[in-house]
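> Please find one structure pasted underneath; my questions will follow.
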């Protein structure tokens with residue numbers, strides 16, 4: 001019998017499949033298994049002693065007994081295995097049942113949670129709808145229930161101004177002093193503002209004479225605004241008046257008003273000179289002086305001027321005077337700070353002053369070749385949602401010409417600057433629309449040329465988006481001291497339903513890219529807030545197009561853009577309130593968008609003359625067309641270098657200027673450019689070359705002649721040297737004398753006196 005060898009990969013496993021073997025192979029395996037079982041059984045018999053039995057009957061019984069024993073053993077083993085499998089089956093069934101129960105519970109809880117969320121969402125939606133309906137029902141513009149009341153107080157006393165306003169949504173209240181926004185953060189010890197349950201209070205702590213002003217409060221929400229104002233008068237007490245009751249101050253402080261000295265002499269010991277600085281730096285101009293006599297209660301007044309404009313403490317300038325020194329500090333220099341600075345010491349004896357020029361050059365550009373920043377940004381004609389922003393163009397000596405400007409706005413108290421115009425505007429004037437009524441804004445300007453965008457200019461002064469006519473529509477009648485009656489013209493006009501059409505519609509400003517329309521509000525206008533709609537029509541078209549279809553205008557002026565160049569237009573305006581829209585106003589005369597100003601012509605002949613060893617005086621003839629000029633820019637160049645440098649970085653208004661900071665002995669030529677809102681003119685012709693040297697002129701007169709001693713036969717005199725030496729040292733002095741009752745003068749000395757003291 002042949003046997004088939006099992007492959008090696010199947011001999012390693014006990015559970016290999018035998019279905020592929022043939023019948024012969026299977027028979028061999030069964031025979032092998034039977035023999036092996038018989039050998040095991042024989043071995044068992046031998047181990048139990050059955051093999052030694054000689055009786056076949058006994059041996060058969062023994063085998064039968066052994067066979068039964070083995071079957072019982074196998075049965076017990078099978079029973080045990082079946083018992084274990086039953087336990088496993090029962091345990092598996094119980095676990096499966098518990099898992100099904102948990103899944104059912106989780107599904108039930110999830111369904112309950114989803115039901116609760118759906119109910120909660122439905123309730124919130126219903127509540128939001130009801131809240132919206134209620135808010136729409138109770139929404140209204142601010143209404144002042146209790147107005148501000150005027151006060152008359154003494155110095156150093158505190159006063160509280162309060163009023164009550166209602167409206168929904170809750171109005172935002174802003175306080176103004178003489179139309180300037182009050183910010184408690186700027187002076188927390190002076191002002192404190194409280195708002196609670198519709199009652200708004202402005203506390204003024206320890207008022208002084210400068211707090212005498214008209215105070216107004218403006219309440220604003222999305223439906224409109226309301227304002228109220230009052231007057232605060234701070235009185236200074238005289239000798240016969242007491243600022244406090246006698247019970248509080250039983251004693252009387254003597255106040256001496258009779259000062260024996262009526263003349264105060266101010267002598268400058270150290271003066272500030274011509275200064276050069278760069279944008280962004282800090283700087284202090286100082287002057288030390290000797291004041292005679294020095295009295296605490298009668299001191300001279302220090303006044304600082306820039307180009308004859310009085311300066312005050314501000315965010316950019318800080319003034320100081322005391323201990324024989326006057327100082328003007330700049331926290332962050334800008335080209336707006338450039339100019340001629342003058343310190344005037346005003347006293348009963350007269351005025352003493354000193355002056356010097358401050359030059360502020362451009363800071364390094366953020367992009368190479370970009371122009372300098374514009375300057376002198378100002379706001380004009382502010383209204384509820386509109387303001388005109390103007391500025392002056394920078395000098396571009398070594399940069400490519402400016403092609404336009406970007407105007408940015410920012411709400412006061414925030415740092416989020418928003419660009420107002422999408423494309424650069426070419427004129428130094430731009431009407432900004434879309435302001436939020438009742439809010440305050442600041443503006444800045446950036447110049448653009450082919451290289452890039454300049455640094456931003458210094459921010460303008462804050463301007464409030466309010467209608468200036470609101471205060472004019474309020475009339476105050478003084479009944480007696482401390483009492484007055486405030487009457488609003490709206491109350492006298494009665495109940496006006498639909499307003500009348502606006503009047504006097506005209507173009508207040510015409511440009512190549514826009515037209516600014518202005519008009520007068522309808523009379524009577526009623527108590528309800530007014531809005532306006534503007535319509536335009538191209539001459540000959542016969543159709544009208546609404547300009548502001550999306551946003552209603554609240555101000556009586558509006559800038560209309562997107563006009564076809566060279567085409568004439570006519571305009572009309574409609575007024576509206578919550579009751580309806582008026583009839584159109586009268587149609588304007590045809591208006592054609594065009595620039596009303598042109599670039600100035602170049603200045604005339606330029607003449608340069610010697611002044612000092614580092615400066616030259618430059619004079620020139622004004623241009624033929626000098627309308628709307630901002631001023632002039634002066635430039636200089638070393639002869640032969642062909643490199644021009646700017647002298648001033650802010651336009652000057654006069655046709656004479658002293659150029660400082662030149663090298664002694666060098667030869668220079670000069671040229672001038674005129675500036676207006678459209679930009680810079682062509683360069684003037686160059687001046688004749690001039691060498692920088694001190695010019696010799698006559699000295700100024702000696703001053704301060706004083707009698708030092710008199711013994712009946714002689715008088716000893718003293719005096720002060722001239723303020724200006726004329727470019728050369730003083731050689732000496734001649735003295736003249738005359739009798740008091742005669743008019744003829746006689747020389748005292750025939751030879752020069754070299755000292756400033758002499759005995760006659």
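Quick reminder: no glycine exception, Cβ is built from N, Cα and C everywhere.
Nobody curates TrEMBL annotations by hand; they come from automatic prediction.
Bear in mind that the values here come from a model prediction, so they are computed numbers and not experimental data.
Quick paste from TrEMBL:
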type   : residues : note
DOMAIN : 142-233  : domain 'Ig-like'
DOMAIN : 373-468  : domain 'Fibronectin type-III'
DOMAIN : 501-596  : domain 'Fibronectin type-III'
DOMAIN : 602-700  : domain 'Fibronectin type-III'
DOMAIN : 701-760  : domain 'Fibronectin type-III'
REGION : 66-87    : region 'Disordered'
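Would you situate these features in the structure and describe their surroundings?
DSSP assignment over the domain 'Ig-like' (142-233) gives 3 helix, 58 strand, 31 coil.
Taking H, G and I as helix, E and B as strand and the rest as coil, DSSP gives the domain 'Fibronectin type-III' (373-468) the counts 0 helix, 41 strand, 55 coil.
Mean pLDDT for the domain 'Fibronectin type-III' (501-596) in this predicted model: 87.
Secondary structure of the domain 'Fibronectin type-III' (602-700), assigned with DSSP and counted as helix (H, G, I), strand (E, B) and coil, comes to 0 helix, 44 strand, 55 coil.
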